[in-house]
């Protein structure tokens, strides 16, 4: 016997979270809980403002429609990426397809003072990998900060993300301030320039490896082995169903590319599922999931070792 519940939620964010020139004051989303007999599965649907093609309201409408169809015996999935991902996660938990084992390591995310990152990394066991957002300030400053971090921590590897912020000139200004001897320890720089061709040229000219992120969601993108391209960053909330995520990971691995499962600032429930997906599909690759510190609360399932308060299901608004 099938049954389902849908919850709506809103989590206050820390004051300094800015996405594409918009301050993100709250993170809004939905949960779906599917039951079939004794089994239960959860999924999170939380479109990311400025990045997702669908709004939270559109996702809610699509989710409620899909849940009603599922209750009637339908086996299909919704079209909207965030809804398809959340629904497929709930189904994968329900059927036991999604393994319980998780990779709760996370590449620390540096969003402010680089000194804070140095302190965090000093206590980090094993390989030291961190992520730094670039392109928010002057390119020269970004280059100096990256150089400082690589100089201060000789065994550090950095993942950088520019979100297509730079012109070719700005990208070159950044590279000029990174010691050529350190550039091999830049694991990759996500989408440095506004166009793929400019990003490819940047990789060739500087020797700094790049990764595709936004490009994966463009209609003309194809997976290819290219000079200077080292990785793809897969954000399941923006990608679609678990099957689509698996297809992208497999396509990347077939070409020798690193595939990194990455957060779209999901709640703790969604992040713990992404940690399980990473352990399942990209074992041995550190996922990019260090975004919980941007929020003021956890929900339903806490992240292991995190001290933020965790809300229970009866504290959320139920829609169904």
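Cβ from N, Cα, C; glycine included.
A strand conformation is recorded for residue 133 (active site, proton donor) in the three-state DSSP classification. Summarising the annotation, Swiss-Prot assigns active site, proton donor to 133.
In sequence order, 131, 132, 133, 134, 135, 189, 190, 191, 213, 233 are the residues of the chain that are 6 or more apart from residue 161 (Mg(2+) binding site) and have a CB within less than 8 Å of its CB. Taken from Swiss-Prot, the feature Mg(2+) binding site applies to 161, 190, 213, supported by sequence analysis.
According to Swiss-Prot, the feature active site, proton acceptor maps to 235. Same-chain residues at least 6 positions away in sequence with a Cβ under 8 Å from that of residue 235 (active site, proton acceptor) are, in sequence order, 51, 213, 262, 263, 264.
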For each of the binding-site residues (190, 213), count the other CB atoms lying within 10 A of its CB, then report the residue with the highest count.
190
Neighbourhood of the Mg(2+) site (161, 190, 213): other residues with Cβ within 8 Å of the Cβ centroid, in order?
159, 160, 162, 163, 189, 191, 211, 214, 233
Three-class DSSP secondary structure - residue 161 (Mg(2+) binding site):
strand
